[in-house]
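What follows is one structure encoded as structure tokens, with my remarks underneath.
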Amino acid sequence: MTRPASAKRRSLLGILAAGTICAAALPYAAVPARADGQGNTGEAIIHADDHPENWLSYGRTYSEQRYSPLDQINRSNVGDLKLLGYYTLDTNRGQEATPLVVDGIMYATTNWSKMEALDAATGKLLWQYDPKVPGNIADKGCCDTVNRGAGYWNGKVFWGTFDGRLVAADAKTGKKVWAVNTIPADASLGKQRSYTVDGAVRVAKGLVLIGNGGAEFGARGFVSAFDAETGKLKWRFYTVPNNKNEPDHAASDNILMNKAYKTWGPKGAWVRQGGGGTVWDSLVYDPVSDLIYLAVGNGSPWNYKYRSEGIGSNLFLGSIVALKPETGEYVWHFQATPMDQWDYTSVQQIMTLDMPVKGEMRHVIVHAPKNGFFYVLDAKTGEFLSGKNYVYQNWANGLDPLTGRPMYNPDGLYTLNGKFWYGIPGPLGAHNFMAMAYSPKTHLVYIPAHQIPFGYKNQVGGFKPHADSWNVGLDMTKNGLPDTPEARTAYIKDLHGWLLAWDPVKMETVWKIDHKGPWNGGILATGGDLLFQGLANGEFHAYDATNGSDLYKFDAQSGIIAPPMTYSVNGKQYVAVEVGWGGIYPISMGGVGRTSGWTVNHSYIAAFSLDGKAKLPALNNRGFLPVKPPAQYDQKVVDNGYFQYQTYCQTCHGDNGEGAGMLPDLRWAGAIRHQDAFYNVVGRGALTAYGMDRFDTSMTPDEIEAIRQYLIKRANDTYQREVDARKNDKNIPENPTLGINP
């Protein structure tokens with residue numbers, strides 16, 4: 001599975017030499033500050049500012065502020081920044097990872113859980129590791145086969161795989177040291193289990209920490225801690241109760257059995273589905289408080305009424321939970337969204353910092369989860385200190401000033417009142433996995449925020465889970481956007497993306513940047529008073545951290561959702577970012593996922609420096625013309641086809657049958673022209689190796705055929721609109737939205 005440095009890779013379109021990131025390679029020399037000792041690694045992360053040339057952990061330091069003191073690249077010269085080179089990836093899906101740099105070597109995880117080890121100065125491939133994740137696992141996760149990053153400790157690099165494994169490899173050679181399956185064979189996890197691992201690994205006190213995802217399908221969340229040297233499980237903490245209130249023989253037994261179970265009750269869909277509460281992103285160790293913080297996700301199913309019969313707050317959904325690192329013992333929790341029914345996870349970034357609160361310096365957690373509120377908590381005790389919405393939201397009338405609990409808008413409790421609810425934020429949140437940053441120079445938190453509304457409506461007839469599909473307890477035909485000019489125009493006006501400079505003391509926006517649309521990348525803050533961010537429209541920017549002035553722009557030719565990072569080798573500063581459009585927004589939202597532009601996926605790692613001379617090759621593949629669809633379709637089965645499509649296909653191939661630039665747009669797929677060919681792909685799994693699973697156990701042949709007929713109708717409905725959007729003499733789109741506007 002490991003390929004040595006002699007293995008060759010093609011660079012982007014064959015322009016650069018194999019495995020090369022730098023147009024003018026520099027000789028590699030080890031930097032003096034080393035981080036490869038058992039005792040040294042944790043101390044090196046704690047004292048990261050003593051050797052800022054490295055980037056040793058997902059957020060650089062345990063505080064996860066994503067701030068680097070490097071200032072060779074600064075406001076005065078960032079306009080001279082150039083592409084130094086790029087390293088092409090062989091996974092053209094979403095790239096969300098933050099590479100690590102340890103003593104001059106870059107460790108970058110990519111889609112499908114692959115690992116690339118590169119010389120950080122030259123881009124030379126040192127080794128790569130492919131864990132061979134099965135293609136049919138792709139539809140077991142909600143949001144693309146992404147990976148957000150690795151951990152490093154004692155000469156080993158660790159990362160999770162989409163199918164649930166944790167791999168430890170020798171950092172120098174790439175040879176596997178150990179690997180474990182992080183998902184136990186335990187019936188208490190729910191009958192319909194669907195676990196994936198895509199979060200960044202964290203390592204602290206010799207423990208490798210990893211969570212998982214899967215609550216959209218059926219899962220019971222937990223976090224595991226493994227010995228970094230041996231891979232032995234040290235402890236496990238479940239985030240929601242055992243459905244029989246029995247011990248799991250885990251660190252969480254006492255708190256779940258004596259407190260959390262009472263907030264659920266003995267009945268409801270959670271008993272079958274597991275309850276959710278997966279920790280798929282933020283998982284943080286704070287050396288100041290000596291605590292581990294779990295950022296806990298949504299319920300399984302989403303629907304509160306169906307999940308627990310509308311009873312209780314459902315601990316620990318939508319919460320931060322603090323544990324003792326050595327044992328996993330519960331210390332405290334704060335639940336931001338009790339009774340969650342909107343997919344308002346709290347898995348978004350947990351950051352610690354010191355700031356004044358009522359005239360006293362406090363060590364705090366700052367947190368901007370999906371629900372649209374910014375929270376400040378005491379890091380040691382979990383005490384709620386302050387909270388305020390950082391964007392517009394309509395589900396709550398504010399927070400209780402003493403407890404931080406939401407004061408609900410009754411109209412927003414759609415699962416209890418049975419009404420349709422146009423929710424802001426929607427399930428993609430006001431802030432998602434895109435990392436925020438903090439600058440100790442400006443004392444501002446920089447949030448990549450967005451607004452993506454959603455239509456919530458109870459599933460008709462109660463909770464009816466489907467195999468091989470999302471099971472959230474909603475009517476999936478009601479969240480689809482009506483294909484009328486009026487509906488599209490109204491919805492598009494409600495889509496927004498921002499970079500917010502937020503004052504955590506005054507709890508207010510100091511300045512903001514309006515982007516062309518939502519789903520933009522994470523933030524890096526530097527000592528040069530700079531912010532770096534990639535955008536959904538394929539631009540990579542540097543902004544003035546003090547006022548948001550746009551100081552630099554680069555056309556990356558693909559949407560960027562990953563956060564940048566920075567490092568130095570031999571005294572020279574670099575900025576790097578993984579490029580590659582993807583994630584749940586473009587794969588599920590259909591045509592409206594193109595509001596920022598036609599952001600096709602071209603995946604690579606880009607490195608920038610002040611003396612860069614590389615250029616990306618001209619890219620001209622955005623102007624394809626749609627294939628004229630078959631003229632005839634069976635109107636009698638189209639409605640059933642729409643239901644089946646929204647149930648099984650929409651979350652990967654786009655709302656209303658429209659793609660958004662990453663996975664195949666099925667309206668123009670050749671297979672829709674032939675019934676047998678379509679069934680061979682959808683029913684028999686002809687493309688399983690590429691991530692398209694088979695559905696013959698979930699749907700009948702007639703239901704699969706109804707989907708084909710629906711897609712033919714959608715192709716006919718939208719063909720001329722898509723062609724008109726591309727009209728010029730070279731058939732290259734002039735309108736970046738490619739026909740999504742009426």
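The backbone N, Cα and C atoms fix where each Cβ goes, and this holds for glycine too.
In Swiss-Prot, Cys143 is paired through a disulphide bond with Cys142, chosen from Cys22, Cys142. Per Swiss-Prot, the candidate among Asn298, Asn389, Asn394, Asn397 that belongs to the Ca(2+) site alongside Glu216, Asp343 is Asn298. The pyrroloquinoline quinone site in Swiss-Prot is built from Glu96, Thr278, Lys370, Ile584 plus one of Arg148, Arg165, Arg202, Arg220, namely Arg148. You'll find the Cα of Cys143 (disulfide bond) roughly 14 Å from the Cα of Thr278 (pyrroloquinoline quinone binding site). You'll find the Cα of Arg148 (pyrroloquinoline quinone binding site) roughly 15 Å from the Cα of Cys142 (disulfide bond).
Sequence-distant neighbours of Lys370 (pyrroloquinoline quinone binding site) (same chain, six or more apart, CB under 8 Å from its CB) are Trp342, Asp343, Tyr344, Thr345, Ser346, Gln348, Pro425, Pro427, Leu428, Gly429, Ala430, His431, Asn432, listed in sequence order.
Fewest Cβ neighbours within 10 Å among the recorded positions Glu96, Asp343: this applies to Asp343. Taking Glu96, Thr278, Ile584 as the binding-site residues under consideration, the smallest Cα distance to Cys142 (disulfide bond) is found for Ile584.
Site extent for pyrroloquinoline quinone: among the recorded binding residues Glu96, Arg148, Thr278, Lys370, Ile584, the largest C-alpha separation is 19 Å. Within the same chain, residues at least six positions away from Ile584 (pyrroloquinoline quinone binding site) with a Cβ under 8 Å of its Cβ are Cys142, Cys143, Asp144, Leu428, Thr651. DSSP assigns Asp343 (active site, proton acceptor) to coil, not to a helix or a strand. The Cβ of Thr278 (pyrroloquinoline quinone binding site) has Gly211, Asn212, Gly213, Gly214, Ala215, Ala219, Gly221, Thr239, Val296, Gly297, Asn298, Val347 as same-chain neighbours under 8 Å, each 6 or more residues away in sequence.
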